[in-house]
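Residues or ranges marked as signal peptide by TrEMBL: 1-24. Residues or ranges marked as domain 'Glycosyl hydrolase family 13 catalytic' by TrEMBL: 36-393. As annotated by TrEMBL, disulfide bond applies to Cys53-Cys61, Cys173-Cys187, Cys263-Cys306, Cys464-Cys499. What TrEMBL records for Trp106, His145, Arg227, Gly257, Asp320, Arg368 is substrate binding site. The active site, nucleophile feature in TrEMBL is assigned to Asp229. Residues or ranges marked as active site, proton donor in TrEMBL: Glu253. Annotation source TrEMBL lists site 'Transition state stabilizer' at Asp320.
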Amino acid sequence: MTMCHLQSATAMLCCLLGAWSSAATLDDWRTRVVYQVLTDRFSRAHGSTHGECNFVDGRYCGGSWKGISERLDYIEGMGFDAVWISPVVAQLTASTGDGESYTGYWAQDLYALNPSFGTEDDLRDLIQNIHDRGMYIMLDLVVNHMGYAGAGSDVDYSIFNPFNDRKYFHDYCRVDGDNNQTNIEKCWLGDDIVALADLRTEDDDVREMFGDWISSVVANYSIDGLRLDTTVNVEPEFFESFVKSAGVFATGETMDGDNSLICQWAETIGSILNYAIYYPLTRTFSSPTGSINDLVSTIYTTRHNCLDPTAYGLFSENHDVERFAEMTEDMAQAKNIITYTIMGDGIPIIYQGQEQHMAGGTVQNLNRAPLWSTAYNTDAELYKHISTLTKARHHFVRNSGNYTTYISDVIYQDYHTFATRKGYAGGQAIIVFNNNGAHTDDFEVYITKHDFEPGTNLTEILTCTDLSVNRTGYITVPMGQGLPKVIYPKKQLKDSGLCGQASPSSIATAVPTAHSTTINGHPTLVATTTDAEPSGTSSGKTSHTRLALGTASQVRLSPGIPVTVTVLSILAASLGAALMW
């Protein structure tokens, strides 16, 4: 039992944060595999697949928070334990020549929700359902701009909340594409149909208003992590105070392949989406003529120029780029790039529809077609491939707590093939990639520098093939049909659920939940509790009780009034916490 006699809200905050576990950290997120949901295009409520969906013209199609809730089995079935959803705030409501605000990046009121996605109860239910499965929720948001239907030279700033005055915005000028960083940060995106009014994020009052807002969002909705849009258009220094106010992990979109540039934002945010790797990754695997050396070279320059690539979001598709199946229909090449995405250094992110091998370019929003057109096929080849890879990654992480922070070594390379080693001795994985495609002759590669002892028995996880290290230290890896290989010590596969091994039944995963109170009329984070969730199959989950702590309906604090807090820890079939005022 912990007693806190408090004279201020600040003291209360410090006490409670000490009494319970902290919010999801970078180390927590490194262990996760993220599924990106474009809310409007993922699932309609009640399984509806009928009705108009004019996605080519950028119109709303009816996807909703309730629809996501109803399809969580589909996501969890692939082994994902984190879900990234579109921005939730109220948007520009007009139907324009540029389409509608279905992506969520044309915000007008930060303190209201987007009714096109559902009600507040729908959003809360979704987040609760995600947490009940031991999964994290990642919220997408924009701090660079607000959306206005019209030209940037004639904006009615009074419609924005809370930035309802011209003083909060840069003078109108257009980002000109000349890669001048001052122009990129202080001029406007958008066009004369939808202007994206550029906020003065360098100003103290704007930073304070954003800090107040994000702290209330995280506290009110128990958010575990953030994805920050268009961060390269905002000065890096802004994010130091913003992320501190959020109090949770954040990663930023830096849509540029220059790692010497984009890694500046990683220093203040803590993480970025790794576009430096994305560009050579897709070039390499989309064709047999793709340069393995180009990718390997970028892996090493990113390691040199950036603080910690294992902290970055690793992806091969998203809603802003051409789908990989548009670049190549070859299923073996798709399996290779997905294998790198899940097994490479960083936090893996798979974009909805990638598991269904959906095609589509950025022209006419074809990369944002609704997922319900695939009927959520759980027998799809890539759905199963992803399921195996995530199961393997989760097992590697459980076996070695520092697996995710080990920076991969490239231990073999030729014109079409390369192999990496990730993990410390005894729990290392060897992953072999090639870009030949499915219609290629069989061949073998001979791997050294793997750090296994001669005679070590190994298993290739994707085919459940037995391999071994010969007496001279070589691993002979048969390569057929252009497929990747994931190799792991056979004796370390116990309780993995892979290749005939039993699945783990009761391995606990920490699920943080934020709790808030109202201080001076503002929701304020006061504590985070952590429930233990088993990470095995859904049928193996134990029940747990989560009690809301210090919510606005329970308590309001007045500065200077002593408050006595009693914290009780309850440990039964699962973990919970209760706070009594």
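Backbone N, Cα and C define each Cβ position, glycine as well.
A TrEMBL annotation is a machine prediction, not a hand-curated record.
Projection of TrEMBL feature records onto the structure.
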| residue | record | Cβ within 10 Å |
| --- | --- | --- |
| Cys53 | disulfide bond | 19 |
| Cys61 | disulfide bond | 22 |
| Trp106 | substrate binding site | 28 |
| His145 | substrate binding site | 25 |
| Arg227 | substrate binding site | 25 |
| Asp229 | active site, nucleophile | 22 |
| Glu253 | active site, proton donor | 23 |
| Gly257 | substrate binding site | 15 |
| Cys306 | disulfide bond | 20 |
| Cys499 | disulfide bond | 18 |
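Pairwise Cα distances among Trp106, His145, Arg227, Gly257, Asp320, Arg368, which the record gives as the binders of substrate, peak at 25 Å. Separating the Cα atoms of His145 (substrate binding site) and the residue listed as 'active site, proton donor' is a whole-number distance of 14 Å. Within 10 Å of its Cβ, the residue among the disulfide-bonded residues Cys187, Cys263 with the fewest other Cβ atoms is Cys187. The Cβ of Arg368 (substrate binding site) has Leu38, Arg41, Phe55, Thr103, His319, Gly360 as same-chain neighbours under 8 Å, each 6 or more residues away in sequence. Sequence-distant neighbours of Cys464 (disulfide bond) (same chain, six or more apart, CB under 8 Å from its CB) are Leu498, Cys499, Gly500, listed in sequence order. Of Cys53, Cys173, Cys187, Asp229, Cys306, all annotated as recorded positions, the residue with the shortest Cα distance to Gly257 (substrate binding site) is Cys306.
Cys173 (disulfide bond) sits 18 Å from Trp106 (substrate binding site), taking the Cα positions as reference. Counting every protein chain shown, the number of other Cβ atoms lying within 10 Å of the Cβ of Asp320 (substrate binding site) is 15. Cα-Cα distances to Arg227 (substrate binding site) place Glu253 within 10 Å, out of the recorded positions Cys53, Cys187, Glu253, Cys263, Cys306.
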